[in-house]
Amino acid sequence: MATEETLVLIKPDGVARGLTGAILARIEAKGYSLVDIKLVEPERDLLEQHYAEHAGKPFYEPLLEFMLSGPSVAIRLAGNRVIEGFRSLAGTTDPTTAAPGTIRGDLGRDWGLKVQQNLVHGSDSPESAARELAIWF
Ligand code: DAT
Ligand code: MG
């Protein structure tokens, strides 16, 4: 069994909408283990490190502003192939078209109204997970 760790964030929209418990319930039901969890109000500097790959893209500044709009819940999550598995549980980036059954598909709002907001973040590779966990924990 290939136990891995990933960084999951419940983003400001998820916390503000009172969906922290609902999202955690899906994560726990899948059998993943919460290794560490905390509420974080990140500084801009932390977010610049976290989203370095997106610097210069048109959505970068609005993304940082959104991530600064309120607290997020940061989770160190462990499980068998959890990096890929959590991304699958989260659904595709734009909740407008994310599949039903996923966190973004079931709970996320149409990006026509709420661009940037998609409830959760999950690391996309072992390298990203190691880098991002070191930033947030
Ligand atoms: P993901 O969060 O699915 O890994 P990503 O890493 O490509 O997606 O982008 C990071 C975040 O940036 C994403 O959660 C929401 C925002 N974003 C990405 N692409 C976008 C776009 N085309 N328009 C607006 N926001 C976008
Ligand atoms: Mg990403």
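Cβ atoms here come from the backbone N, Cα and C positions, even for glycine.
Nobody curates TrEMBL annotations by hand; they come from automatic prediction.
Features of the protein shown, as given by TrEMBL:
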ACT_SITE  H121  active site, pros-phosphohistidine intermediate
BINDING   K11, F59, R87, T93, R104, N118  ATP binding site
DOMAIN    3-137  domain 'Nucleoside diphosphate kinase-like'
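Features as recorded by TrEMBL, highlighted on the structure.
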residue: K11; record: ATP binding site; CB count, 10 Å: 23
residue: F59; record: ATP binding site; CB count, 10 Å: 12
residue: R87; record: ATP binding site; CB count, 10 Å: 19
residue: T93; record: ATP binding site; CB count, 10 Å: 13
residue: R104; record: ATP binding site; CB count, 10 Å: 22
residue: N118; record: ATP binding site; CB count, 10 Å: 25
residue: H121; record: active site, pros-phosphohistidine intermediate; CB count, 10 Å: 24
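Filtering K11, F59, R87, R104 by Cβ distance to ligand 1 (under 6 A) retains the following binding-site residues: F59.
Confidence across the domain 'Nucleoside diphosphate kinase-like' (3-137), taken as the mean pLDDT and rounded to a whole number, stands at 97. Across the domain 'Nucleoside diphosphate kinase-like' (3-137), DSSP helix (H, G, I), strand (E, B) and coil residues number 58 helix, 28 strand, 49 coil. Of all residue pairs in K11, F59, R87, T93, R104, N118, the annotated binders of ATP, the farthest apart have Cα atoms separated by 21 Å. A straight line from the CA of K11 (ATP binding site) to the CA of H121 (active site, pros-phosphohistidine intermediate) spans 7 Å. When the Cα atoms are compared, R87 (ATP binding site) and the residue listed as 'active site, pros-phosphohistidine intermediate' turn out to be 8 Å apart.
Cα-Cα distance from R104 (ATP binding site) to H121 (active site, pros-phosphohistidine intermediate): 10 Å (rounded to the nearest whole number).
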